[in-house]
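Chemist: Here you go, one structure.
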């Protein structure tokens, strides 16, 4: 049996079959290697796409967080400004309320001064009228119409 096997292995037909089988195996091996390479390339591509999507998602989240922080910061600034505005408004209101009596006092003093001037003018006119009534030739009173005559 061992000799018969040896004879089969040495025959040209066996050699041809072995070559065909071996070339088929090589083709299968090459095909399998090609498929394996393509599968690795596809897996790499999917992995890179996933990495790019993850990176983009992280950047979008970062931008959204920045935007939210900026909005919150602006809202806090606005609230501070409103509070400061209310405080300033209250201070101005206090100042205004303190100034009102001062203004009223000044206005009253001016009114009194005008009343005194009015009374004095009235007294002066009464005196002038009495003088003119006492001496009818003195009418019209000699008043200067121009400073030089």
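Cβ atoms here come from the backbone N, Cα and C positions, even for glycine.
Just so it is clear, the model here is predicted, and its values are computed rather than measured.
According to TrEMBL, the protein carries these features:
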COILED    71-131  coiled coil
DOMAIN    36-135  domain 'Remorin C-terminal'
Chemist: Using DSSP, what's the helix, strand and coil tally for the domain 'Remorin C-terminal' (36-135)?
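Modeler: Helix, strand, coil within the domain 'Remorin C-terminal' (36-135): 99 helix, 0 strand, 1 coil.
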Chemist: If you average per-residue pLDDT over the coiled coil (71-131), what number do you get?
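Modeler: Averaged over the coiled coil (71-131), per-residue pLDDT gives 92.
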